[in-house]
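What follows is a single structure, written as C-alpha cells, with notes after it.
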Amino acid sequence: MAEPVYRRVVIKLSGEYLAGAQSFGIDQPTLDRIAGELISAQKLGAEIAVVVGGGNIVRGVEVSSRGVSRPTGDTMGMLATVMNCLALEAAIERRGAAARTLSAFVMPQVCELYTRAATHKYLAEGRIVLLGGGTGNPFFTTDTTAVLRAAEIGAQAVLKATNVDGVYSADPKKDPSAKRFDRLTHSEAIAGGYKVMDTTAFALARETSLPIIVFSIAEPDAMSAILLGKGHGTIVAG
Ligand SMILES: Nc1ncnc2c1ncn2[C@@H]1O[C@H](COP(=O)(O)OP(=O)(O)OP(=O)(O)O)[C@@H](O)[C@H]1O
Ligand SMILES: O=c1ccn([C@@H]2O[C@H](COP(=O)(O)O)[C@@H](O)[C@H]2O)c(=O)[nH]1
C-alpha cells in the first residue's frame, strides 16, 4: 500500500465550508462526507489532528461590529469551533472510527482540556483528534491555531482544507483573473498579503519551518491525495 508523505499532520478545516450551500450552521451531508474522508486519510497510516474553524457560526470581528466587545466576540467564535468539533466527532464515531475532542478552554462537562500529552496519547491510540477553542486567546484565528498546534505536537505539515484550490495572486472569488501558485515560500506568502490565511499563521509556520498545503476540500478524497503527495494544492514552504 502507498505510504503517506507525512506521518503526523494538522488539518485546518474551514468552518465556512461546513455550512454547505447554506450561509450558516452545519450541513449534515457535508459533515458526513468530510468525516468519511478523514477516516480514509487516517487509514493510509497518518496520525491526524484537526483544527476546525468557526466561520459557519460566529466570527469575532463580525459580532463585534454589532456592539459586542472584540474579546467577547472572539470568545464566542472560539466556542463555535468547539461546537463544530463535537459535531465532527459524532460524525466520525457514527462511522465506527474513534475521535476525541480537546478544547483550549476548561469545560469538563463537555470535553477534555487540550494538552500536548493528551494529544500524543489519543493520536497513538489511533483516534482522530479534534482541537477546539482555537488558541484560547482573542485576536487570533484558527489558521494560526493550526500552525501553533502543529508546531507543538511535532506535526510535519499543516493541510488547509478550504473552499479554493490553492493560493492565488488575489481572492479568486472576487477576481477571476487571479493566478494560482503551485508553490510559494512563507516569505513570499507574507509579502504578497494573500488573504487565504492570516499573516500570523504564515509567520509562525516560517519560524517553525512547517510546510502549509492549501487545497480544496470540495475535491473528492483530496485529503488522502495530499497525504500521498498526489494532491492539487499550493505548497507554502521555506
Ligand atoms: N489570495 C487568495 N488566494 C486564495 N484564496 C483567497 C485569497 N484571498 C482571499 N481568499 C479567500 O480565502 C478564503 C479562505 O477560506 P476559509 O473558509 O478557509 O477561511 P477561514 O476564514 O480561515 O475559515 P473559517 O470559515 O473556518 O473561518 C477563501 O474563501 C478564499 O476566497
Ligand atoms: O485562537 C483563536 C481562534 C479563533 N478565534 C475566534 O474564533 C472565530 C472563528 O475562527 P476562524 O479562524 O475565523 O474560523 C474567529 O473569527 C475569532 O473570532 C479567536 O479569537 N482566537
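Glycine is no exception: its Cβ is also placed from the backbone N, Cα and C atoms.
Matching Gly54, Gly96, Gly126, Gly154 to the UMP binding residues that TrEMBL gives (Asp74, Thr135, Gly136, Asn137, Pro138, Phe139, Phe140, Thr141, Thr142) identifies Gly54. Asn137 (UMP binding site) is 19 Å away from Ser14 (ATP binding site) when you measure Cα to Cα. Only Gly55 of the binding-site residues listed as Lys12, Ser14, Gly55, Thr162, Tyr168 bring a Cβ under 6 Å of any atom of ligand 2; the order follows the sequence. Sequence-distant neighbours of Thr162 (ATP binding site) (same chain, 6+ residues apart, CB-CB distance under 8 A): Lys12, Ser14, Tyr17, Val196, Val214, Phe215, Ser216, Ile217.
Comparing the binding-site residues Gly54, Gly55 on other C-beta atoms within 10 angstroms of each C-beta gives the minimum for Gly55.
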